[in-house]
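Record features, source TrEMBL:
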type: REGION; residues: 155-175; note: region 'Disordered'
type: TRANSMEM; residues: 321-343; note: transmembrane segment
type: TRANSMEM; residues: 355-377; note: transmembrane segment
type: TRANSMEM; residues: 383-402; note: transmembrane segment
type: TRANSMEM; residues: 588-606; note: transmembrane segment
type: TRANSMEM; residues: 626-647; note: transmembrane segment
type: REGION; residues: 662-707; note: region 'Disordered'
type: COMPBIAS; residues: 693-704; note: compositional bias 'Gly residues'
type: TRANSMEM; residues: 714-736; note: transmembrane segment
type: TRANSMEM; residues: 756-780; note: transmembrane segment
type: REGION; residues: 790-811; note: region 'Disordered'
type: TRANSMEM; residues: 821-845; note: transmembrane segment
type: TRANSMEM; residues: 860-882; note: transmembrane segment
Amino acid sequence: MKARGDKLAFVGDDTWEQLFPGTFNIALPYPSFNVKDLDTVDDGVWEHLLPLALNRTGDWDVLIAHYLGVDHAGHTFGVQSPQMVRKLHQMDDQISETVMAMVDAAGPGDVHEDTLLLVFGDHGQTLNGDHGGGSDEEVDTALIAFNLGRLHSLRSPPTPAPQMAPQPNSESQLQSQLPVAAAVDEWPDLDVVSTVDQVNLVPTLALMMGLPIPFGNVGSVSEELWGVAEGRGGDANAGSLQRAVEVNAWQVHRYLNTYAATGAHLDPTSLSETNALFELGALSSKSGPEGDGAMAAHQAFLSSAARLARQQWTQFHNGPIAVGISILLTCLAWQAWLAWSLGRTSWLQGPKTHFLDASLLAVAALHAIAIFSNSFVMAEGRMVGFLLAGVLLLFLRARLAFELLVSGRNRRLGLGACGVVCQGLALLGINAGMEAIGLVDRTGGNPFDKSSYQPGGLGVAGWLEKVPMYCALLATPAVVVGARRQESTCWPEHARRLVYSAFSLVIAWWAVHDAGLPISTSLTDLWANCGPPSGWQIQMPGMDLRVVMEAAQDGAAAALEWWPWGNVWQDAFAPLVQMPLADLLPRVVYGLSLTCVSGTVAATAWRHGHPGEGCGLTIRPLVGAVLAPLVLVSGRVGCLVGFLGALQMRLFLGMASTQPRGGTRGLDEGAPGPSDGVLEPSEGTLGPSKGTLGPGEGTLGPGQGSLEPGDRGFASALCVAGVWSLFGTQAFFFSGHFCEFSGLQYNSAFVGFGEFSFFVSGALLALNTLGPHLLAALSLPLAVRGLKARHPTSPPGLRNRPDPKRPPGARASHSAEVAEFRLLAVVYGLLRALTALASVVSVAIQRRHLLVWAVYAPKFVFEACFLLVTDAALVLASWLVAAGG
């Protein structure tokens, strides 16, 4: 159209200008990415639509008006929300007024005598207001075509715009109201067409405007729309329609055969049959316009061509796919060899049963193989909870067997059978509780149905829902960071304080939210309006506390004016005190977390350059610094899941260990050790001080089953890394996520920011989605302390002393601990890579599957992101551990 000299105009969604820069003669764009903004785009469209439409003086040949309010209302508030009802009524009013005004200007000789007005949506919505899938609610939308000149001729004297129906009180009423439904009543003789495929709009509109049909079109001319454009309602002129269909058939025939000639794998038989229909139509056309069967043959050809194109609608290149899978397999094999090599020289110890090892391998293999099933991918959240419960039961069985066997020999070993059972039941209870709170169960659902997004929650409302969340937020930093103090000048202690401060502000943010304060409330508003009542007095009789506060405010203002740098400070802090608390508190949380992370990275870099100097580093504050903003952007469910997940890790390390309950304090006595685990060593580090339970051994005595390097290294790492990986996957699914794009929690992108920012909003959404796997990998060093064994013949008090019976490199030293973590990290990464490889192979094999874009492709994208985040976190954690973190 641009090349032909047509003039184009648009108003509304700025995506048009981004897609077609420099194309429009008139462009009035409005920002479109802030889904919380329901009115800016719509108000801008309405401001310019009627002036442009009614004052047409050759400034445009095609006018596009793109509203967005209904789409944003669905995304942000849902279809059945008051905001959606308001926007639908607004759209009804504006579309109806536009139609009436343009029909009034469509008389003989008027500007719109030959104008075609199309009112349609580019997609539908689920009941939750989202789209992108293949359900009927998402792919069906309204299309209303008006031949304005014909409507003017059919109408008696102009009538005012129809009144809108009352506001609906039920879901059925809301769904039954379509835009401009009342306007259609003005012309009762109009035909209503049931459906028009969207792909058919391309050739129909192109030929209506006298344009060539795009080369890659596979749609066919719509007879009904052609009739509307001719002013015949749904009945098109046979001659003009036959010529349009003939041109359409010639274009599709050229495209298909050109496409097949490029080497595309079109079915030869189907292509030959389709071409035969085209040739039949061409022969029939030669007999003249009145030739019977010409248009029918061409339409049959177009239908057959569309079916053939749908079978080949996406071209996959098998060569690059095979190369990519080969690279992944090579990396996986190298990673497995590296893990085995590290395991043969490792003193990392874990529960010693071949049954547990085989079971963990079976779980990992089952999870990978099950990804080939679309039913498993849909039900993966529930299956992960089931697999984790089974693995925890296996650990409970192994530890309980150990306790029962050693209880008659040395009652100092372990927690005792009752304690182990309590730990195991607590772990199973936490797993079940997290599933009940946060799982979005897609089991057995329609893969194209995206309507069930919300997790279960606590199932209660009011204070019963809020109290557990506040208790979880209060306890989470103590569980993750702990209360152990180092010197006040050490960075780890400063980092702990930053984490506690961040969680305090998270609590404050929820308190502001639950208090029902206006969303624009700022610190200035609190100071001015939320002070104590006038009756409150301090100890001095007759002095009002409010007066004291006002005097302090005046004094602070005067001090700032007197101080030479006062204006600078005032200018810097004025925006903060005037910023709404709903934005200020989250931004301070993000700032504290970034400070903690950057400070830890800087301290680690300094430690690498000055080994052995300064305070011992710790991974705990870094984990807390990531967890604080994560629970903030994850809602109430995220707060509960974050606490339960951290508590679950502590309990698991306690149950998986075989450290004597009354044994040594280990490295944490005295100077801080090079690593800082979730558990104190007295709470459990693997490796009994007297004897070891070997596979199949029925008795346990001092000196039996002594450990050698490689005796249990790889198997222990496999057991613990397998459970740790399941913890990360569990946290992802049990925080309301699932591996579909409709499962993205878009509201998290606006926590602390009312306006859309590509990088900031993207980072918050990425943190919300990938944070569980990031935390699981980043916290892996916390498991090393709980699994690091000492030589079984070393007395409890000599754990850190050189042992002549052990090779020097195998002492419980910093270098040994680094090696142990590297083994655990390699095995952890191996398990994640195995899942990613299974997803890649699955989507490659099933690339022609009906559900490839609904199930398998999203799963592949999510697994690829999980793998990248996991590897990056493991590299960072390895660097921290190497420096003594």
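Glycine is treated like the rest: Cβ placed from N, Cα and C.
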Remote residues contacting the transmembrane segment (821-845) - C-beta distance under 8 A, at least 6 residues beyond either end: 321, 324-325, 328-329, 331-332, 335-336, 338-339, 342-343, 346, 348, 364, 367-369, 371-372, 675, 713-714, 717-718, 720-722, 724-725, 773, 777, 780-781, 783-784, 787, 852, 856-857, 859-860, 863-864, 866-867, 870-871, 874, 877-878, 881
Seg_contact(the transmembrane segment (714-736), the transmembrane segment (588-606)) with at least 3 CB pairs under 8 angstroms, min sep 6: no
Beyond the flanks of the transmembrane segment (626-647) by 6 or more, those residues with Cβ under 8 Å of it: 430, 433-434, 437-438, 455, 457-458, 465-466, 468-469, 472-473, 475-477, 479-480, 499, 502-503, 506, 509-510, 586, 589-590, 592-593, 597, 678, 727, 730-731, 734-736, 745, 747-748, 751, 764, 767-768, 771-772, 774-775, 778
For the transmembrane segment (321-343), distant same-chain residues with Cβ under 8 A (at least six beyond the ends): 710, 713-715, 717, 819, 822-823, 826-827, 829-830, 833-834, 836-837, 840-841, 844
Residue numbers, six or more beyond the limits of the transmembrane segment (355-377), whose CB comes under 8 Å of its CB atoms: 383-384, 387, 390-391, 394-395, 397-398, 444, 447, 715, 718-719, 722-723, 726, 739, 831, 834-835, 837-839, 841-842, 845-846, 849, 851, 855-856, 859
